[in-house]
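For reference, the structure is listed below as structure tokens.
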Amino acid sequence: MGAVPGVVLLLMLAVLGIRAAPAPEECHKLTKPVLKADVQNVSGDWVLVWSVANTTERWICENLTSSYVEFKLHSDIIEYTERNLFLGNSCISFYSNLSASTEKQQQFSLNNLQMEEKGVVRPFNDNGTVKFFETCVDCLSMEYSGDIGRFLLIYRRDGVHQNVEVLKAARDESQKLAECLGFSIDEPFIYDGVSDFCHKKSPEECHKLTKPVTKADVQSVSGDWVLVWSVAENISTSNEWTKLKSSHVELRIHSGVIVLNERNMLKNNSCMTFKTNMTAGPESQNTFIYTSGKMEENGVDKELDENGTVKFFETCADCLSIDYSGLFGHVLFVYRRDGVHQNVEVLKAAQDESQKLAECLGFSIGEPFIYDGVSDFCHKKSSPEVKPEQD
């Protein structure tokens, strides 16, 4: 019998639900790795939306309902936190540092991998390596290879992970990448778009509150801001800078760089000033990074070799919220634009919304800082003095 014409073969494959294997040139495009020199692009918070594994450790894949990953850059190290929620609301977290030697290296090694389950942290002995692939805007793919097997993990940036139709349309591309990397497609994990995470919820209300400001729209954060509400985690209460009376922040945009000048007045009327520059990668990126800063206290300048990440949220007109993660811990700052920061009743009414945002971001609400509406700032009074009328 003669050869089956190509068109007929394609029609047969379509009827049978079988997809042709991706062409080599398509694989070359899909498997372009992220180098160490460009690793800033992976920084941020990510939600697992699709995954396939060739492993003997099936417990890692079975009964998974959600997986949330944070990548934080610290000098040449990527700090990696993965939180996995399983059926029955049990959580297993993994912590590690990823490193690569040269700027052109595309493979990252895992160091000091640890697993936490039911509050108990123990070493997880697996010699693993990771490769990253950027397959679309706000997408990240990660190939993990170790003693326990191989995993392909497809992520969407937190905040754009809930559109089920978009995720469904992207599955074919995910399967192509898996085939290009030599994975056998068995029963992939597929995120349902609504399941919560170990450390925070993923409801529609949170989706609205936690819509981040991207680099393309960062001009909107420019201006002078007054801190009106704040909550912190993993932070030492003995730090003097936590004993706030008022905090005034100036944000200026210069060619894509955010210049921050923060003046904190403490309860003993001493002042502490912090200055830094923040940058982001692509226009769509919503995580801003700084690698150094300068702190001034009692007239003494101190260089801070600190790596931190910041996300901005615009929750209302003349409002700005900042989610900070870094050396000082994890802090949510809620601001009002200078000039509309003194109406105590309005600020009090907005506290419930601030608390909702904090809960959506995974904060446990302890004793928040609440601005009293009248305290002065380091460099100026909270409101201009009223001059007496002239006769």
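Here the Cβ of each residue, glycine as well, is placed from N, Cα and C on the backbone.
Per Swiss-Prot, the feature N-linked glycosylation site maps to ASN41, ASN54, ASN63, ASN97, ASN234, ASN268, ASN277, ASN307; the stated evidence is sequence analysis. Summarising the annotation, Swiss-Prot assigns repeat '1' to 24-202. Residues or ranges marked as repeat '2' in Swiss-Prot: 203-391. What Swiss-Prot lists as signal peptide is 1-20.
On a Cα basis, ASN277 (N-linked glycosylation site) lies 43 Å away from ASN54 (N-linked glycosylation site). In this structure, the CA atom of ASN268 (N-linked glycosylation site) is 39 Å away from the CA atom of ASN97 (N-linked glycosylation site). The Cβ of ASN97 (N-linked glycosylation site) lies under 8 Å from the Cβ of ILE77, ILE78, GLU79, TYR80, LEU110, ASN111, ASN112, each of these being in the same chain and 6 or more residues away along the sequence. Rounded to the nearest whole angstrom, the C-alpha distance between ASN63 (N-linked glycosylation site) and ASN307 (N-linked glycosylation site) is 36. Here the C-alpha separation of ASN41 (N-linked glycosylation site) and ASN277 (N-linked glycosylation site) works out to 18 Å. For ASN268 (N-linked glycosylation site), the count of additional Cβ atoms within 10 Å of its Cβ stands at 8 [all protein chains shown]. Around the Cβ of ASN277 (N-linked glycosylation site), the same chain contributes VAL257, ILE258, VAL259, LEU260, TYR290, each under 8 angstroms and 6 or more positions distant in sequence.
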